[in-house]
Every structure is written in C-alpha cells, then in structure tokens.
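Chemist: The structure that follows is given in the form of structure tokens.
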Amino acid sequence: MLVVDFGAQYAQLIARRVREAQVYSEIVPSSTPVAEIIARRPAAVILSGGPSSVYAEGAPPVDPALFEAGIPVFGMCYGFQAMAQALGGEVAPDGTREYGRTSVHVEASGVLHAGLPAEHPVWMSHGDSVTRAPEGFTVTASTDRVAVAGFEDTERRLAGVQYHPEVGHSPHGQEVLRRFLHEIAGIRPSWTTASIIDETVAAIREQVGDGHAICGLSGGVDSAVAAALVQRAIGDRLTCVFVDHGLLRAGEREQVEKDFVAATGATLHTVDVEARFLAALAGVTDPEEKRKIIGREFIRVFEAATADVIANNGADHPAGHTVDFLVQGTLYPDVVESGGGTGTATIKSHHNVGGLPDDIEFALVEPLRALFKDEVRAVGAQLGLPEVIVARQPFPGPGLGIRIIGAVDKQRLETLRAADAIAREELTLAGLDRSIWQCPVVLLADVRSVGVQGDGRTYGHPVVLRPVSSEDAMTADWTRLPYDVLERISTRITNEVAEVNRVVLDVTSKPPGTIEWE
Ligand code: XMP
C-alpha cells in the first residue's frame, strides 16, 4: 500500500506501523499525480498528516479522483481534513486547536473504534476541524472540542481520524490502523520476516544470475545483514572484505571473523592494516584531519583488497571472469530521503565506495533498499546472525580514532578499548542496549587529573560516558542512566583500566552538542 506524504514528519513512522500490521508499504510524495498512484494499483492508500489545516497557505490538495478509483483510503490528521473537504464534508477554518494528549469519545459502533474504551487518549496536532462528515460516512469519534474526530464509509472503504494513530501516545492507534488495513480495506497480512527473506533472496538471484559479488563488511548490522542475504542467494560467489584498521572496539573483529562467518558460511577476506593507519595518524590531533586520513586510507585499502579478490577470482574461475556486483546496505529511509524509488541503480563504484578501480563498473546489489532498520534486525536474527551483530548500536566509520581527544596511538587505543568494553558490558547486563541509542566512551588523552588509589597519588586521564537517546541521530538527548549502572561502570573502569582515574558523564543534548566528540 502507499503512504502519500503531505510533508508530515510522521510519514516514515506511518509506513513502519503499516508494516508492523504485516502489510508492505511505500511512501510517495504528495506531488505524485493521482493517475500514477492509481496505476500502481495499491491495495490501499493512506493520506498522512501535514500542514495544520487545509486552509493553510500552500496546503497541498487531494485530487477527488482518488476516491472514485475504488481504492480504500485512510486519512490521518491533515489527510483526514483534506479527505473530508474533497468528499463534500465541511472543514471549518475556525482555528479549533488541539495539540498533544487529548481524549476521544467513541461515537458509534463503526469498525475502527468498535469495542475500544468509550473514552481513550490519542495524540492530536491540528488547527481547524471537520465540522460535518461527507455524505455516507458514519462519525465514529469526537472530542470535547471537535465533533468529528473519526469517520468511515465501509461501503466505499474510506475512513479517517483527526488524530495521529501512528504515534505511541495514541495507545489504540495501531489497532485502529490494523482494522482499517485488514477489516475495511480487506488486505491479507502477509509481510513477514520470512516473506521478506524469500522475496529478497529470489530478487538477488534474478539480478546476479551466475555472476560474482563483493561486499565490504563494517561490523555493523546493515552490511552484515545485506551480506547474509546475498550469501543465502548466491553462496560462495559472494566474497566479503573486512578492513581491520586498528580503530575497532574490543571483540569486533572476532565478531565478524567468527560469528558472522559461522552464521553465514561466507568467504571472508580480512585485511590487517593497523600499522598503516597508526602511522598515518601519528601526531594528528585535528578532528577533521583525522577523519580525512582515516577515510583516505580506508578507500586505498579497500581498493587494493578488492583488486586482490578480483585477481584471485580470475584465477579460480573461467578465464576473464571478474566481480560484477557490489553489495551495499542502503536502507529504505535513505532511499526516501534522497527522493529515489525502490529500483536498483548501476553506478561507477568510485562514486559510491570511493576509489575502486576506475575501469570497473559494478552493478549495485542493495538487498535492504526496501527495509527499515527494525526489519533489517529481524531479518538478520532470522538468518541466524548472533545478537551481538543484530542488536549492535551505531558506531562511526572512523572508529575509536575520533573518540580519543588528542593524538591516536596504540597505547591510547588500548586504554579506550578497555574502558569502552566495560561500559558496554555493564549496559548490556543492565538490559539497556535497546533503550539507548548508543553510548560512546571518549578518552581525554591530553587531560590529566590528580587522584588517589590505594595509598598512592595517581595522575591519570578521564574518560567521558556519552549515553544518548535518539530516533535518528539528527537530534539526541542525554540518557538518564540509573545511578547504580553508572556507579558500576565508574568503579570498574577506574579499578581495571590503569591509565584512567576519573569517569565523567556528558549531560549535553544534540544540539548544541553532537553525539561524538570529534
Ligand atoms: P554526530 O556526532 O554527528 O553523530 O552527532 C551522529 C551519528 O553518526 C555517527 N557518526 C558516524 N557514522 N561515519 C559513520 O558511519 C562517520 O564518520 C560518523 N561520524 C558520526 C555517530 O556515531 C552517531 O550515531
């Protein structure tokens, strides 16, 4: 089904909620002509929220032809008002405003709200209101201020609500959405992790044929799941490349070398280039310069490793054979944000991964292109990838190199790696992995402070804990970790990591801070 995005910050959330109801959904911009929407033959259409009212300046209209096409349509918030207006109902430009938690009264025994508590909380965000439902519609909900907060015409399979059913603050919202999809629109719930895997594997087989593919593993969840899917589809015609630049966290290389390979049987080519990276970074303290050096070296190493794999494949396979496909872990939110569709693109590799040999043109295989992050994790788990990979929190490409404030060297990396491992272990033990976005541990390598340990004076470095909560890393808040967890982390780090004698907590949101310190 299609979610028509009227500029709501909630469009992606709506699409995810629809998929949680086991119905595949895609987002299209509201500028999409109705003829195009109809031509795609969606099982249903959702009109998202958007500007606060249909009278707002520049409010995008809804073409009434959409409602003549026999496609089930559900309007939410702005989509609800636009639908009411297009179908001959009445929307009063009266500035009736409701923002935040509001109580709705269930009005009649329609389908959407039947059997729900007669009064229940929902999340509202609108000015103006629908004062008269269009002909043929039953009003199913109201509020103290708004007479028409929900309506439906089950005959024509059209319905809508003034509130935002997709947000967690509308506790019955998912049920209302599910009833629209399954009961009013009559869509069979069939989008499951198993069906995602079957369809994706079939599509990869079709695309790759008897060709060969290469995949750069970062240790992160996206590249691991993408590689696992391709491995399932084409077996040992996939080669994975993993660059160990020495800036990884404790256990990450082992996770890839042992756990990933054990779970997938993939052919893995690890390149051990710690010495090269440390030499390139020696004495560098400027964050941007560090990032540039790490990025540049990474590209060179990946390029050389790829050339190596290609040369070896050339030896192992019929004359003239090369690697034709490059696997990438692009996710659906990236596709939506760049305005792209769900097709696949052929690019010159160096535009994307950077620096791959100029004369090689790879076709991209992007098996996660239609998926949200939570679906990627579910697919990974079903493919047998271990929890440490599937539930992994974001980790920056430049690794620990940008979590040492000051110059990077082997000793400092070992110190930070040890402190980071303790923090991660305690957060995992406390069951907090899924509730925090990530918790960088930062070593202030050029700062020393006086401490006392045993009977002696110490003069060691501080580490900073940076626990954050976020939806998308664009904004973040500092996570209020339980004091006892903070205490365990602090005690263990100062006892077990000799160079660290102080643990401090970063209580800055983003903005003004960024998540990483460099
Ligand atoms: P900032 O520090 O910009 O970080 O608030 C936002 C998110 O992005 C991650 N991050 C990176 N990820 N390469 C990456 O793949 C990078 O160079 C990079 N820098 C930051 C960071 O961990 C956070 O999740």
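Placed from the backbone N, Cα and C atoms, the Cβ positions cover glycine too.
Automated prediction, rather than curation, is the source of TrEMBL annotations.
This is the feature table in TrEMBL:
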ACT_SITE  Cys77  active site, nucleophile
ACT_SITE  His164  active site
ACT_SITE  Glu166  active site
BINDING   Ser218, Gly219, Gly220, Val221, Asp222, Ser223, Ala224  ATP binding site
DOMAIN    191-392  domain 'GMPS ATP-PPase'
Chemist: What's the most sparsely packed of the recorded positions Cys77, Val221, Ala224, counting other C-beta atoms within 10 A?
Modeler: Val221
Chemist: Near Cys77 (active site, nucleophile), meaning Cα within 10 Å, which of His164, Glu166, Gly220, Asp222, Ser223 (recorded positions)?
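Modeler: Of His164, Glu166, Gly220, Asp222, Ser223, within range: His164.
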Chemist: Other than Ser218, Gly219, Gly220, Val221, Asp222, Ser223, Ala224, which residues of the same chain sit close to ATP? List them in sequence order, counting a residue when its Cβ is within 8 Å of the Cβ centroid of the site.
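Modeler: Checked against the 8 Å cutoff, the neighbours are Leu217, Val225, Gly329, Ile389, Arg392.
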Chemist: To the nearest whole angstrom, what is the C-alpha distance linking Asp222 (ATP binding site) and His164 (active site)?
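Modeler: His164 (active site) has its Cα 30 Å from the Cα of Asp222 (ATP binding site).
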Chemist: Can you tell which of the binding-site residues (Ser218, Ser223) has the fewest other C-beta atoms within 10 angstroms of its C-beta?
Modeler: Ser218
Chemist: Output the one of Gly219, Gly220 that, of all these binding-site residues, has the highest number of other Cβ atoms within 10 Å of its Cβ.
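Modeler: Per the Cβ count, the most surrounded site is Gly219.
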Chemist: Select the closest residue to Glu166 (active site) from the following binding-site residues, measuring between CA atoms: Gly220, Val221, Ser223.
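Modeler: Nearest candidate: Val221.
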Chemist: Minimum Cβ neighbour count within 10 Å among the recorded positions Glu166, Asp222: which residue?
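Modeler: Relative to the other recorded positions in Glu166, Asp222, Asp222 has the fewest Cβ atoms within 10 Å.
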Chemist: Tell me the coarse DSSP state (helix, strand, coil) of Cys77 (active site, nucleophile).
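Modeler: DSSP assigns Cys77 (active site, nucleophile) to coil.
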Chemist: How many Å separate the Cα atoms of Val221 (ATP binding site) and His164 (active site)?
Modeler: 31
Chemist: Between the Cα atoms of Gly219 (ATP binding site) and His164 (active site), find the distance and write it as a whole number of Å.
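Modeler: Their Cα atoms are separated by 37 Å.
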